[in-house]
Each structure stands twice: as C-alpha cells, then as structure tokens.
Amino acid sequence: MTSDRSKAGARRRPQRHLPLQVLVGFLVVYFLVPFWWVIVNSSKDAPGLFGGGNTLWFAERIDYFGNLEQLFTYDNGIYGRWILNSTLYALAGGVGATVLAVMAGYGFAKYRFAARRFSFSLVLGALMVPATALVIPTFMMFSEFGLTNTIWAVILPSLLNPFGVYLMHVYARDAVPDEILDAARADGAGEIRTFLQVAFPLMRPAVVTVLLLSAVASWNNYFLPLAMLSDNRLFPVTVGLGLWQGIASANNAGSTSLWSLIIMGALVSVIPLVIAFFTLQRHWRGGLSVGGLR
Amino acid sequence: MIEKSAPRTQEKTHKIRGKVRLREHLMGWLFVGPFGIVFLALLIAPLAYALYLSLFQKKLIGGTSFVFLDNYVKAFTDPSFLSGSWFVIRFSLVSIPLQIIVALALALILDAVTSMFTRFSRLMIFLPYAIPTVIGAVMWGFLYSKSFGPLSDIFGLLGTAPPDFLGSNLIFYGLVNVVTWQWAGYYMIILYAALQGIDPALYEAARMDGAGKWQVALRIKIPLIAPALLLILVFSLIGTLQFFNEPQILRSLAAGTIGPDFTPNMYAYQQAFALANFNYGSAISFALGGIVFVGVYAFLFFTRKRRSFL
C-alpha cells in the first residue's frame with residue numbers, strides 16, 4: 001500500500017523553483033547551526049573556547065582526540081557508562097514496548113473478544129495522558145517496592161506505549177487481510193504460528209517505526225530517570241550531561257574544563273541516533289504515514 | 001482493504017455474531033493481555049495511587065491526615081501553579097501555530113519541488129528530532145550564552161548589544177525557538193508523508209478546472225492532510241502542556257529568569273523531590289494530567305474530527 005503511494009509520488013514531474021529552494025536553503029542553515037556550533041567547538045581546548053575567538057569557526061588548535069580522551073577518562077570514565085546505560089534503556093525499553101505493542105495491536109485488530117471495544121477506548125484515552133504526569137506517582141509506587149534507583153525504574157515505565165498499540169492496530173487492520181490469516185489457519189497453522197509467520201512479516205514496516213519511535217523516546221527520556229535515579233552510575237547520558245551542565249554553570253570560573261567535556265559529550269551522544277536514523281530511513285518513512293491515515 | 005475491514009470492526013462487533021467462539025476470546029486476550037498488564041500496573045495503578053495520595057496532607061505535627069480536595073483547592077489558588085499554567089498556555093498559543101506553520105510550509109515546498117537539494121534538505125530539517133531535547137536545550141544554551149555564543153560577535157559587528165535570550169524579557173522567545181527547532185522537522189515529515197499519499201490524479205483534475213498552484217495547495221492538499229495536521233496539533237499540545245526538559249536545562253544558565261515554578265511540571269518536581277512534599281506534588285501532577293486530558297478531549301470533540309483521527 002505504502003509502496004504504491006511513494007511510486008506515485010516519484011512519478012510526478014520534477015519541478016525546480018529557485019526562490020523556494022533558496023528559502024529552504026536558509027531554513028536548512030538554521031536547523032544545522034547548533035550542530036555546526038557543537039562540531040566546531042568540540043575541537044577546542046579551554047583557551048580556544050574562552051579566548052574570545054570566532055565562536056562559529058575552528059580555533060588554531062584542533063584537538064578532537066584530546067577532548068575525546070578527556071571525556072572518556074573524566075571521573076573514571078563515567079561518560080562511557082552513561083552512554084552504555086542509555087543504550088541499555090533504549091534497547092530494553094524499545095524492544096519491550098514494541099513486542100507488547102505489536103501483540104496488542106494485532107490482537108485488537110484481528111480478534112473479536114470480550115470487552116475489546118472498551119479496552120481499546122481505554123488505550124485511546126491513554127494517548128491523551130501526559131507521560132510526565134505519571135512520573136511522580138510511579139516514583140511513589142516504586143519506592144514502596146524498593147524499585148527506585150535501579151535500572152528497572154527506568155525500563156519498566158518505558159514499556160508503556162499506547163501510541164505504538166494504536167499505530168500497530170491501524171496497520172494490522174489495513175495491511176493484514178483476514179483472508180490470508182484464514183487461509184493459513186485452514187492449512188493447519190496454529191494462531192501463534194499464523195501470527196509469527198504470516199501476519200508479522202506483513203506488519204514489518206510499522207514494527208520498525210514503532211521500534212524506532214519507542215527506542216528514541218527511551219533514549220531521549222529525561223524527567224523519568226531524573227526523578228527515579230540518584231546513583232550517577234545508573235544515569236542515562238541526558239541526565240548525566242544535565243548534571244554536568246548544572247555543575248559547570250554553578251561555578252563558572254572553576255570548571256572551564258567541564259564545559260569542553262559537555263560540548264564533546266553532546267556531540268558524541270547524538271552520533272548513534274543520527275546514524276540510526278540515516279541507515280534506517282527507508283524503513284521508518286513508510287511507517288510514519290500510518291499515524292496520519294484516516 | 002480499508003473499505004473491506006472498516007465496516008466489520010465498527011458494526012459487526014455490536015451484533016452478536018452467530019456463535020462467538022471461546023477460542024477467539026482467549027486468543028484475543030492472549031495477544032492483548034501482556035500489554036494490558038503493563039497498562040494496569042504502570043498507568044492505571046499510578047494514576048489511582050496519585051489520586052489517593054493527593055487526598056492527604058502530611059504535617060510536621062499530627063502526621064498524615066485525610067484532607068479530601070484541600071490539595072486541589074490549594075493548587076488552584078497557588079500563584080506558582082497558576083502562573084506556571086498560564087505560562088504553558090501562552091507558550092502553546094505562540095509555539096504550536098509557529099511549529100505547524102513552519103512544518104506545513106516546508107512539507108508543501110518539499111512535496112512540490114523535487115531535486116537532490118530538497119531531498120537532502122528533508123533529512124537535514126528532520127535531524128533535530130534525533131537529538132534528545134536535553135541535548136538540544138544544551139546546544140541552544142551555548143548559542144545563547146554570552147561567553148560562547150556567536151550572538152555577541154554578530155551583534156558586535158553591528159555595534160549593538162546582543163539580545164539576551166536567557167534574560168527575563170526574551171526567555172519566552174528563546175524557548176519558542178528551541179522547541180520549534182526541535183519539533184518542526186518531525187511534524188514536517190509526518191505532513192510530507194501524508195502529502196505523498198495523495199493521488200496525483202487529483203492535481204491533474206484540478207489543473208484542468210483551472211486551479212493554480214496556490215489553489216491546489218490550499219483547496220486540495222491542506223484539506224486532504226487535515227487528519228495528519230490534527231494529529232500533530234494534539235501531540236504538540238500534549239507535549240507543550242507538560243513542558244519540562246528545556247526550561248529545566250536552561251535554568252542553570254538563566255538562574256534568575258527561570259524559577260523552580262516556571263511550568264506546572266517543574267513545580268510538581270520541585271514539590272515532590274526538593275521539598276519532599278509528595279502529596280501536594282501528586283495533586284499537581286494529577287491536576288495537570290487531568291487538565292491536559294480534558295483539554296485535548298474537548299478539543300477533539302469540538303473539532304468533530306475524532307472519528308477521522310482515532
């Protein structure tokens with residue numbers, strides 16, 4: 001379905017409007033300026049940063065490797081730990097949320113079971129509950145069970161992804177014909193096998209989208225880990241850099257080296273997701289249009 | 001495919017279909033069950049617990065006592081909560097239309113003009129979405145800062161003082177800019193995907209009828225992507241009302257400007273974690289969640305597009 005549409009788009013005659021392209025060009029510069037600033041300034045040492053040189057161009061001394069080495073050795077390599085923690089939270093939260101969403105979306109779309117309409121409207125209602133409103137109550141609940149300040153405090157709440165269920169429901173409803181499922185059942189395949197071998201491959205574009213969206217949401221999460229974790233060795237990179245930034249701003253003069261660590265840290269922390277987005281482009285773009293469908 | 005399955009899901013479930021097999025009930029719940037458990041444990045239970053906690057107050061003398069709605073009365077007469085709520089409402093009214101206009105204009109241009117450059121632009125404009133909001137705020141904090149930012153260089157050339165986006169006069173626009181930079185590209189991609197789904201034959205037909213490019217954009221493209229527009233409107237509304245990350249991060253750079261009660265969410269965080277006032281923090285969280293839920297629901301109801309989006 002989606003592929004027909006993108007083919008239709010490609011068939012349109014290419015048109016070039018120079019003024020519009022120039023306008024887009026200006027906007028691209030705007031969207032890239034912060035990246036450029038970080039790329040340039042992560043090459044500078046403290047004198048380069050504070051020496052009053054051009055802030056949008058390289059200083060005389062370009063020292064990426066020195067800064068990288070500092071970043072990964074500072075405080076016994078705590079930054080590397082943060083990156084690993086973020087990766088763990090994003091993978092566990094992303095994969096877990098996706099598995100649950102795919103199963104639930106398929107179940108809602110393909111089975112008529114008791115209380116189905118009621119439970120689905122609960123899921124739709126949950127789309128409108130702001131995630132952060134749950135953080136303090138969840139913290140209170142977890143502290144009763146001694147779960148705060150553990151990795152589970154960050155991973156478990158990430159498993160809840162009602163939007164993923166909604167996306168998978170829409171996609172399974174439209175992209176998995178009942179006839180194929182019935183044919184598989186008639187051939188003697190059980191329900192689980194029908195789901196895994198027949199339905200799942202058809203749902204793959206939406207699965208990749210949901211996986212990417214939930215992994216990004218976990219990777220980007222700040223409020224939840226900030227509230228849940230007090231041991232800085234469990235921090236994800238967002239909370240860690242926020243901590244450094246707070247320290248660096250609090251004693252501006254004494255921590256010039258921390259600033260260059262933060263800049264380098266910001267650069268390193270965005271690289272994995274940028275790579276993931278570029279390499280997985282083909283997969284997520286098809287799935288993103290699902291949410292906007294009627 | 002859509003026509004075939006839509007009536008089945010909407011109408012036939014009402015009727016009792018011949019014999020509803022127990023097996024189908026079981027399989028349905030088997031698939032939905034795991035999510036259902038997470039839903040109950042991590043959404044319903046915390047909400048219920050927050051509601052319960054919010055009905056109590058903890059005092060130094062006399063311990064915890066049941067106060068019914070006192071915490072809510074306190075919240076809705078608390079200047080900190082009210083000014084924070086007023087801020088996020090004003091912020092939504094300015095930043096959401098701006099983000100959507102930028103995203104829509106870009107999506108329409110990138111849909112109509114195809115070249116190597118626009119394909120490249122599409123990715124670059126989307127790039128900020130891959131950046132955690134915390135890192136985005138850190139980056140813009142650098143750009144705004146007097147010591148590392150380019151603003152003083154640029155405005156120094158013009159011989160004027162640089163604007164201070166971290167000062168109390170401009171912090172509002174400083175944050176509008178960060179949020180627009182972060183999300184406009186994501187919304188653009190959603191709208192672009194919707195535009196690509198329109199059948200080009202419709203444009204041909206409109207051209208035959210004498211419609212110009214602007215008319216095609218305004219009368220055909222925008223109405224046809226209305227569901228996608230509504231979707232991003234709802235997302236941005238939910239996101240903006242729970243504003244936390246960016247002001248929390250910029251706070252350390254703009255200490256005098258952004259107080260701990262800058263947004264309702266920051267205030268709830270302060271009450272719960274800095275002041276250990278969990279009952280009142282829960283009440284604020286619950287009140288905020290309630291406001292967002294009711295607000296979004298009312299919005300969807302009044303736009304009468306509920307069916308078309310959900």
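Here the Cβ of each residue, glycine as well, is placed from N, Cα and C on the backbone.
Summarising the annotation, TrEMBL assigns transmembrane segment to A:20-39 (among others).
The domain 'ABC transmembrane type-1' annotation in TrEMBL covers A:83-280.
What TrEMBL records for A:88-108 (among others) is transmembrane segment.
The transmembrane segment feature in TrEMBL is assigned to A:120-139 (among others).
Residues 85, 88-89, 92-94, 96-98, 100-102, 104-106, 108-110, 120, 123-124, 126-127, 134-135, 138-139, 142, 199, 203, 205-207, 209-210, 213-214, 217-218, 221, 224-225, 228-229, 234, 236, 287, 290-291, 293 of the same chain lie 6 or more positions beyond the ends of the transmembrane segment (A:151-172) yet place their CB under 8 Å from a CB of it. For A:151-172 (among others), the entry in TrEMBL reads transmembrane segment.
Residues or ranges marked as transmembrane segment in TrEMBL: A:202-224 (among others).
The annotation transmembrane segment is assigned in TrEMBL to A:258-280 (among others).
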* Can you tell me which of A:20-39, A:88-108, A:120-139, A:258-280 gets the most C-beta pairs within less than 8 Å of the transmembrane segment (A:202-224)? => A:88-108
* Asked: Between the stretches A:20-39, A:120-139, A:258-280, which wins on the count of C-beta pairs under 8 angstroms to the transmembrane segment (A:88-108)?
  -> A:120-139
* To do: Grab the same-chain neighbours of the transmembrane segment (A:20-39) for me: Cβ-Cβ under 8 Å, and only residues 6 or more beyond its ends, written as numbers and ranges.
  => 55-56, 263, 266-267, 270
